[in-house]
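Feature annotations, courtesy of Swiss-Prot:
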- Arg104, Asp141: substrate binding site (BINDING)
Amino acid sequence: MQQLQNVIESAFERRADITPANVDTVTREAVNQVISLLDSGALRVAEKIDGQWVTHQWLKKAVLLSFRINDNQVIDGAESRYFDKVPMKFADYDEARFVKEGFRVVPPAAVRQGAFIARNTVLMPSYVNIGAYVDEGSMVDTWATVGSCAQIGKNVHLSGGVGIGGVLEPLQANPTIIEDNCFIGARSEVVEGVIVEEGSVISMGVYIGQSTRIYDRETGEVHYGRVPAGSVVVSGNLPSKDGKYSLYCAVIVKKVDAKTRSKVGINELLRTID
């Protein structure tokens, strides 16, 4: 694996000079191998090690290199044709392979090659970009988008129209991460490498980036870039220092544990916020 990483790191340093026409065989094979390993879930761009999320930057570099070494090509779809550098993940799947891998894909959901989809996942008409990882038992609902290299945990529900930000455009240092057992409400956006920790519930229409203030109304604490585990979050506003105007924020209205979540439905958690 170290040898593979070394090839990727070396190629990335000279990426400006690499084209589909002049890329060397060693680099092409290394990039293709990484994309295949990401696609199968054998590798992932970020993983939790000793309780901390670690981003493997060299894997992200391999994803970026894949755009340098490949020409656009025609991609056939059921209702149309497309023209892109990245093949679709399910282009060569037959019924037996879908059954073996154990997830459902509802048309016209689109998943790029290099994204991993785990067992018991349901993809409604949605989009999952290259390098993303969607873990077991999760639902990517209609018109939701999982951005490049984003990490989605087990038993996560991404509601209709949710946007989970990617790292490639614009280039971000770390992927956006939604940990296990989270619920992200309709039309919410989580971007710029924000981490939503385990068991959190994000209400409809909440927008969280690195500069968004995440205000805990019980403690008065303000978080940036991280939603603490077990938080129930709604959109809100905080006053300016001079009191003349207010600015958008996300508000943690309560904290819940796994026991409470198992007994209380998501809708009830969001409706009883006073």
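Including glycine, each Cβ sits where the backbone N, Cα and C put it.
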Below 8 Å Cβ to Cβ and six or more residues apart, same chain only. Which residues does that give for Arg104 (substrate binding site)? Thr121, Val122, Leu123
With Cβ-Cβ distance below 8 Å and at least 6 positions apart along the chain, what are the contacts of Asp141 (substrate binding site)? List them in sequence order. Met124, Ser126, His157, Leu158, Ser159, Gly160, Gly161, Val162, Ala186
